[in-house]
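To start, the structure under review is shown below, and the notes come after it.
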Amino acid sequence: MTAVNIALTPRRIDPSVDHEIAAIVTGSGQGETCNTDLAAAPWSFDTVPGYGPGASEGDVIPTGAPRQGELPREYREADEAELDARITAAKATLGERVVVLGHFYQREEVVRHADYVGDSFQLANAAKARTDAEAIVFCGVHFMAETADLLSGPDQAVILPNLAAGCSMADMASIDEVEQAWEELADVYGDLDTPDAEGLLPVIPVTYMNSSAAIKGFVGRHHGIVCTSSNARTVLEWAFERGRRVLFFPDQHLGRNTAKAMGVPLEQMPMWNPRKPLGGNDDATLEDARVILWHGFCSVHRRFSVSQIDKARAEHPGVRVIVHPECPMEVVDAADEAGSTDYIRKAIEAATEPTTFAIGTEVNLVQRLAAEHPQHEIFCLDPVVCPCSTMYRIHPGYLAWVLESLVAGEVVNRITVPADVADPARVALERMLAAKPPAAPAAAWEQAS
Ligand code: SF4
């Protein structure tokens with residue numbers, strides 16, 4: 001870690017990525033964006049299958065992925081100031097009856113209305129703590145709203161302002177694919193529910209929080225556990241105490257980065273491609289495996305590269321590079337530190353001297369951190385402005401619509417997890433909460449909290 005003293009005059013930075021994209025598209029701003037359609041309103045894409053413009057636009061969306069119906073015209077035609085005022089007024093009317101949760105990757109125009117801002121698990125816990133709220137409006141993506149529903153009370157309604165806000169990474173592991181993989185692994189390892197002479201199961205399924213409730217339920221039914229980017233090492237330690245190996249999904253990078261830091265050799269981390277028999281492996285490879293990595297990734301974090309880090313170091317001597325562990329292994333290895341969104345936020349808050357930070361995570365968070373800490377130079381490693389496609393689908397227009405619907409006594413866009421899925425999914429989450437941290441983390445980023 002290297003901090004550098006630089007003479008910085010406090011700057012005023014517009015934290016709004018929307019404003020920056022609009023300026024780039026009209027030619028009044030500098031830089032480039034990955035898709036000029038990002039300057040259009042998200043409802044332009046509600047009827048079109050796909051994730052929409054942004055980092056996930058090239059990913060294949062599953063057939064049957066939720067679509068958002070047409071947003072009423074009054075919200076589509078309202079300008080930023082009107083929507084801001086309507087959201088503020090609706091929240092004031094609803095008072096303690098509603099809690100609005102905003103993920104770190106949400107646009108500034110939404111985050112400013114959030115009662116809590118955090119990562120997916122922090123927000124799910126915030127939802128759990130607000131037992132007085134009748135409605136939980138989750139400004140994030142679909143799996144986060146499902147998790148909030150799992151952890152909140154039965155009489156609380158969890159609302160996702162735009163049903164098209166999925167997550168391309170979560171969609172890369174469907175329940176059908178995972179069940180198929182489990183059957184194929186049983187052909188290799190035998191009975192997956194019976195421990196061997198040393199009390200270890202052949203394989204423990206571990207799913208990242210960024211997965212559907214159905215996948216969390218699968219994991220809960222099969223002796224497995226959920227992890228976050230903050231506690232992945234703790235969870236893998238838990239799994240290795242109970243099994244010979246781990247099937248980790250959906251994010252190969254978080255699995256690889258975590259297991260590598262624990263000393264698992266790369267050759268014992270085969271990839272499981274759900275479109276190939278045995279995931280594209282042979283029996284011997286799977287027998288020798290310690291961590292079987294699902295072929296999934298986050299298209300936001302896959303954009304970061306070693307060449308971007310090299311460029312940042314060349315142009316900003318002494319720069320401190322922090323990336324998210326969803327980035328590819330080479331990027332994590334080249335960075336000074338890697339950690340969850342909360343780790344990144346706390347690392348910047350803890351810096352007492354003016355410092356230059358190059359950050360490898362979603363641009364909305366980076367832009368907001370830069371605005372909040374003008375004493376530091378903070379920039380996104382990716383020079384192309386390319387937000388998460390699905391986070392981007394939550395716009396103040398949808399937030400105003402769901403809140404004003406609540407004022408009118410109507411719950412729209414409720415997310416409900418059926419009981420047969422919810423019960424085992426909660427078991428998998430409870431195992432995670434009960435898992436104890438390892439005695440000695442092997443890398444700085446694993447201390448993220
Ligand atoms: S940033 Fe990546 S993991 Fe997070 S919601 Fe977007 S696509 Fe999914």
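Every residue gets a Cβ built from N, Cα and C, even glycine.
Pulled from TrEMBL, these are the features on record:
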BINDING   His103, Ser120, Tyr208, Met209, Asn210, Ser229, His324, Pro325, Glu326, Thr341  iminosuccinate binding site
BINDING   Cys167, Cys298, Cys388  [4Fe-4S] cluster binding site
Considering only the binding-site residues His103, Tyr208, Asn210, Glu326, which fall within 10 Å of Cys388 ([4Fe-4S] cluster binding site) when distances are taken between Cα atoms?
-> none
Return the members of Tyr208, Cys298, Cys388 (the binding-site residues) with CB less than 6 angstroms from at least one atom of ligand 1, or none.
-> Cys298, Cys388
Whole-number Å distance between the CA of His103 (iminosuccinate binding site) and the CA of Cys298 ([4Fe-4S] cluster binding site)?
-> 16
Cys167 ([4Fe-4S] cluster binding site) in three-state DSSP notation | coil
Candidates Tyr208, Asn210, His324 (binding-site residues) with Cα within 10 Å of Cys167 ([4Fe-4S] cluster binding site) = Asn210
Provide, as an integer number of angstrom, the distance between the C-alpha atoms of Glu326 (iminosuccinate binding site) and Cys298 ([4Fe-4S] cluster binding site).
-> 7
Taking the residues the record says bind iminosuccinate (His103, Ser120, Tyr208, Met209, Asn210, Ser229, His324, Pro325, Glu326, Thr341), how far apart in Å are the two Cα atoms that sit farthest from each other?
-> 18
How many Å lie between the Cα of His324 (iminosuccinate binding site) and the Cα of Cys298 ([4Fe-4S] cluster binding site)?
-> 11
Ten-angstrom check, please: count other Cβ atoms within 10 Å of the Cβ of Cys388 ([4Fe-4S] cluster binding site), all chains counted.
-> 28
Around the Cβ of Tyr208 (iminosuccinate binding site), the count of other Cβ atoms that are within 10 Å = 28
Spacing of the two Cα atoms, Asn210 (iminosuccinate binding site) and Cys298 ([4Fe-4S] cluster binding site), in whole angstrom, works out to 10
8 Å Cβ shell about Cys167, Cys298, Cys388 centroid, [4Fe-4S] cluster site members excluded | Ala55, Ser56, Tyr105, Val141, Ser168, Met169, Ala170, Asn210, Ser299, Val300, His301, Glu362, Ser389, Thr390, Met391
Check Tyr208 (iminosuccinate binding site) against DSSP and tell me helix, strand or coil, would you?
-> strand
